[in-house]
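Pulled these features from Swiss-Prot for this protein:
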BINDING   71-76, 105-109, 129-130, LYS142, LYS151, 169-172  NAD(+) binding site
BINDING   GLU184, HIS247, HIS264  Zn(2+) binding site
Amino acid sequence: MMKQIQVDLGERSYPIYIGQNLMNDSEALSRYLFKKRILIVTNETVAPLYLNQIQEVMVSFGEVESVILPDGEQFKDLTHLDAIFTALLQRNYGRDSVLVALGGGVIGDMTGFAAACYQRGIDFIQIPTTLLSQVDSSVGGKTAVNHPLGKNMIGAFYQPQLVLIDTQCLHTLPAREFAAGMAEVIKYGIMWDGEFFQWLENNVQALKRLETEALVYAISRCCEIKADVVSQDETEQGVRALLNLGHTFGHAIEAEMGYGNWLHGEAVAAGTVLAAQTARSLGLIDESIVCRIVQLLQAFDLPVSAPESMDFDSFIQHMRRDKKVLGGQIRLVLPTGIGQADVFSQVTESTLEQVICCA
């Protein structure tokens, strides 16, 4: 059974298809690929698992080629972005071509950014293969590469034509990667939907066993929330900022520790706890809410504290470069309950120092 969710952006609206074995569903793909030149962008981990399978489906639509990049956040940079451009140019791809992102968040972000830039914009499709990319990065049109001084600092908003989520991919996903994806799933419950958070608390084992019904529901609910938020605020001028819960602290951890040493979801998990502790210190939530957040993250074997090697100065240096900074003020997304959050710009550095040093 396939579930469909629509991201409503007027002429740039697109569907999200969610279900089992969708990569074999030529009907789902045909509308977007028929008589097109197709370049699949994937990585060295995903290619042996799924590249031949998806090529066999797509070859009936048009000419299909691929470019295989190294796997890892540390390769999400301008050098490897250029490898996509080189493949497009060497093979004379035109504006009627389609890029297909087959992989996790790194591949999706880089492929989308390449699509946004190449000949001032060509179509692309997201086929996310990790839980994190299925519930978050593949939806909403954020595309980017990293810079040594900051994560996702070079990018664009550019929407895909289609997001195709095949839950079967999660059965080849390492346990650590699955857990990292759950950090983003849990985030949606904290910042938007308290009933979903409670459902997650009650379905930990079903999700860890990769039960199809539980996976489809969790992924669908996350995509519904993301689609709703993006439809209201595509370029993050308002409510979309709430999706960054845990990310200001989390991006600081990733940048300080070196991209790839902590998975993005692991950094978001620790960052979410720091955000909750900051909210508690400001009197926005009580200790019981912090405990529920910590316990749910721990149930999926996620880190709930920052690396011991990071001190306040390390955090603040990176947080001052965060994309949400306005007028020199660090802006934090903080929970104000289970199922609700807000953006705060008046959190003092002394408060942050107390939270970070006592965490």
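A Cβ is built for glycine as well, from the same backbone N, Cα and C atoms used for every other residue.
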Could you state the CA-to-CA distance between GLY108 (NAD(+) binding site) and GLU184 (Zn(2+) binding site) to the nearest Å?
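With distance taken Cα to Cα, GLU184 (Zn(2+) binding site) is 16 Å from GLY108 (NAD(+) binding site).
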What is the Cβ neighbour count of HIS247 (Zn(2+) binding site) at a 10 Å cut-off, with all protein chains included?
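Its Cβ shell of radius 10 Å holds 26 other Cβ atoms.
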So if I draw a 10 Å sphere around the Cβ of GLY105 (NAD(+) binding site), how many other Cβ atoms end up inside it?
26
What is the one among the binding-site residues ASP71, GLU184 whose Cβ has the most other Cβ atoms less than or equal to 10 Å away?
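When each Cβ's neighbours within 10 Å are tallied, GLU184 tops the list.
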Other than GLU184, HIS247, HIS264 themselves, what residues in this chain have Cβ atoms within 8 Å of the centroid of the Zn(2+) site's Cβ atoms?
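Near the Zn(2+) site, beyond GLU184, HIS247, HIS264, sit LEU132, ASP136, ALA183, LYS187, GLY246, GLY250, GLY265, ALA267, VAL268, GLY271.
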Among all protein chains shown, how many Cβ atoms are found within 10 Å of the Cβ of CYS169 (NAD(+) binding site), not counting that one?
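The Cβ of CYS169 (NAD(+) binding site) has 25 Cβ neighbours within 10 Å.
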Do any residues at least six apart in sequence from HIS264 (Zn(2+) binding site), in the same chain, have a Cβ closer than 8 Å to its Cβ, and if so which, in order?
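The list for HIS264 (Zn(2+) binding site) reads GLU73, GLY105, LEU132, ALA180, GLY250, GLU254, given in order along the sequence.
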If you count other CB atoms within 10 A of each CB, which of GLN74, THR130, THR172 wins among these binding-site residues?
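The most densely surrounded of these binding-site residues is THR130.
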Nearest to GLU184 (Zn(2+) binding site) in three-dimensional space, by Cα, is which of the binding-site residues GLN74, THR130, CYS169, THR172?
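Among GLN74, THR130, CYS169, THR172, THR130.
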Including all protein chains shown, what's the count of other C-beta atoms within 10 A of the C-beta of GLY108 (NAD(+) binding site)?
30
Please state whether DSSP places GLN74 (NAD(+) binding site) in a helix, a strand or coil.
helix
For THR130 (NAD(+) binding site), which of the three DSSP-derived states applies: helix, strand, or coil?
coil
